[in-house]
Amino acid sequence: QQSGRKYNLFLKRRLRIDKRHQSKDSIFFRDGVRRIDFVLSYVEDLNKEWEKKLERRKEFESNLQKAGLELETEDKKESEDGKIFFVKIHAPWEVLITYAEVLNIKVPIRENDIPSMVENPLDCVLYPLRLPEKVMHPEPDYFTAPFSKDKQELYLINDESTFFSPSMRNRIVNYILTRCPYGTEEGKKKFGIKRLLNNGTYTAAYPLHDCQYWKKASDPNCDSERYTLYMEWARFLRFYKEQPLVLIRKYYGEKIGIYFAWLGFYTEMLFLAAVVGLICFLYGLFTMDENMSSKEICDPAIGGEIIMCPLCDRDCEYWRLNTTCESSEYSHLFDNVATLFFAIFMGIWVTLFLEFWKRRQARLKYEWDLVDFEEEQQQLQLRPEYEAKCTQKKKNPVTQEMEPYLPLTSQAVRFCISGATVLFWVSLIIASMIAVIVYRLAVYAAFASLMENTQTLQPISGVLTPQLATSVTASCLNFIIIMILNFFYERIAIWITDMEIPRTHMEYENRLTMKMFLFQFVNYYSSCFYVAFFKGKFVGYPGAYTYMFNRWRNEECDPAGCLIELTTQLTIVMAGKQIWGNIQEAIVPWICNWWGRRKARNNPENLYSRWEQDHDLQTFGPLGLFYEYLEMVIQFGFITLFVASFPLAPLLALMNNILEIRVDSWKLTTQYRRPVAAKAHSIGVWQEILNGMAILSVVTNAFIVAFTSDMIPRLVYYYAYSENGDSPMSGYINNSLSVFLISDFPERNEPKENPENFVICRYRDYRYPPDHEKRYLHTMQFWHILAAKLAFIIIMEHVVFIVKFFVAWMIPDVPADVKAKIKREKYLTQKILHEYELEKLKERLCQGDKRATEKEFIATEGRMELSRAM
């Protein structure tokens, strides 16, 4: 019986091989002629919904055929697991030309004769970074015009089967699928593949990759563009090479193409910021031994004799200043004169990046035929979900046609619910941040006691101070909370955006973007804002400390300043996010695909078809690109908003982005189904977000230099209070610490033990000593420093903003040569169209068409002359 089963299985496989002689790389119907433009899959699950799903499929597929599409079904017996049906869809020529006109798709009319740009003198130097010409420019450049069925002879149609690229074909088919009806349920007309996927009628809908990524297709009619992209772009060993943007755009569409163009340009610009940041860091490293503040702190005769007040109530002991010797030395790496220079430089760098990106974007718009692309029709047209949920209709004042609309009262209710939900989640983030602050306050005493009493920790107590231990553990805890809140809020944001029922795709993306960015902004940056602008600023002084919730004493900064703690916070959150992001993006999809294909690895090649291979891949959803942009924009915030505290941030971002480009390209090419091609002429609302963050970064960095670093107090001491002409900074540490009489401690604050019977202790502030008539009030030096900080903020902001706006004014958004090319192409395109119309009119006159009058002929010629003149 067992041998009989094996024989039957052999016959079944043999039958499948004989029945279909296609290789598994085939992207054609069984006839080997008609190209597969889209694939639908479904499973026959015999439950109570089975009959309803069957009726929906029959109705939907029938309507697809009525729309002109051709279908071919693969029975589940033909599939690898024997459970999945595949419906292959082909769009014939008549359907393609009909919807190409509807979607206003531009097609070639003549090869471009405009001379290419003048050769770059650096081309020889940059040659190792270049890709082969056939990869960078796989096809000639053409003048294009919107397709019209009535002017087919005008276009360069050499072969109808290849005239429309596969990405154009899948766009057209997807357009039909999203609008095709499948019946009426509960009195409402139902349509669109998205609803059918949501209710389980179909399990997947996707266009096919053209071949396997690791080898070319055996079919000579296949371009094997996926293989080329993998070999030349998606492998990490090609990290130093330029990106084949034209091929990316051709294979994946303009929307994905412009993302990689932006990411590549951002990475190139980061190189300059990373070099300058590294120089500033090296300056701090090489001048570390010359830092007078850390010398005095580390000197046993100075820092060793200064007794500091306890950092917590009752349980903490008095401590000597030189115990923070190592941390004060390390703080000089980031808190030095170069910090100010780098903060100003980054303010200008951000402007250069944004302005030069506009120029790069303008060039891409010309090269990719997006100049007249206002907001592509598919984006401006109503979302199928909007049409389905909005039952009321009103007349459009422009088109004078009836179209669905959402009543104002319904909009108001939905927006109120949406706003309340967003407010609740933002409040939840703030509450979690307060919880982390409470953690910092509560565990500091425990760390101080642990390090004081544990002998094994004594050797590292100089580096791992209680402040640093608290900061590191709190940063790690904060990062974990950030990731957990992100996981939940992503789903909430999509739900409330769906509930608002946005009218168009563009409106949907913009609303979701603003919600997600607002949340991520508060989630990722709140802890950094706390350390930079609040920690150590509202401490009070010994005997009159301020308390959170009247229970936990507010944190103090290290005697060397809070900047080193901000650097620690920034490094942990930024690096943690990048590492976690790469794990999510690369390793998780790879494991899922490996697990999904484990059975197929043992099957003969002929049995594992192209549509089954792609079915087993992960789905790159409509929000896939949204998350990529969000990740990069959050990173952009880290390297701009807080860069004054960490000059190495751009270098970390550069290394991450070099990896990010290859990870994104690898996963898109090897781990995901082919996305449906979509058009985009810019990075959209992200441009405005970047502009807003660029302006905010000037303010935050000015405040960091003024209030978080020790630069301004040191400068005030240097120029106004120093008494040593030979060494102006000597005595600064003693000057920056105030005196407190231990006998003035209230019982709540006084340490339990004072074994060495200290009489006074020191604390970080500018207050009068206990024997002064204004005891414990702020000294005049405090007000001088505060005035200097405010003056510095105003001066730095104005200088940077003036330079920013001057640079933005100096750099035109569209390069002069691109403007000239756009005008030239418009003129030539109009001339070609007018000549075509004139020839058609001559033919009609010669054929004796009475409607083709001599006046019409003269008018057409006149229009051509006018076009030339213009």
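Easy rule for this one: first residue shown is 1, then count along the chain.
Keep in mind that glycine also has a Cβ here, set from the backbone N, Cα and C atoms.
Small disclaimer: the values here were computed from a predicted structure and weren't measured.
According to TrEMBL, the protein has these features:
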{"type": "DOMAIN", "residues": "28-245", "note": "domain 'Anoctamin dimerisation'"}
{"type": "COILED", "residues": "43-77", "note": "coiled coil"}
{"type": "DOMAIN", "residues": "248-825", "note": "domain 'Anoctamin transmembrane'"}
{"type": "TRANSMEM", "residues": "259-286", "note": "transmembrane segment"}
{"type": "TRANSMEM", "residues": "337-357", "note": "transmembrane segment"}
{"type": "TRANSMEM", "residues": "422-447", "note": "transmembrane segment"}
{"type": "TRANSMEM", "residues": "467-489", "note": "transmembrane segment"}
{"type": "TRANSMEM", "residues": "516-533", "note": "transmembrane segment"}
{"type": "TRANSMEM", "residues": "632-654", "note": "transmembrane segment"}
{"type": "TRANSMEM", "residues": "689-709", "note": "transmembrane segment"}
{"type": "TRANSMEM", "residues": "782-811", "note": "transmembrane segment"}
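Here the coiled coil (43-77) has long-range neighbours at 12, 16, 29-30, 34, 83-92, 94-95, 98, 173, 176-177, 180-183, 193, 196, 199-203, 609, 611, meaning same-chain residues at least 6 beyond its ends whose C-beta is under 8 angstroms from one of its own. The transmembrane segment (259-286) and the transmembrane segment (782-811) are not in contact, since fewer than 3 Cβ pairs between them lie under 8 Å (pairs 6 or more apart in sequence). Tertiary neighbourhood of the transmembrane segment (516-533): same-chain residues 422, 425-426, 429-430, 433, 436-437, 471, 475, 478, 482, 485-486, 489-490, 493, 562, 565-566, 569-570, 573, 577, 626, 630, 633-634, 637-638, 641-642, 645, 689, 700, 703-704, 707-708, selected by CB-CB distance under 8 Å and a gap of 6+ residues from either end.
The stretch in 337-357, 632-654, 782-811 that contributes the largest number of Cβ pairs under 8 Å to the transmembrane segment (689-709) is 632-654. Across the residues of the coiled coil (43-77), the predicted structure has a mean pLDDT of 88.
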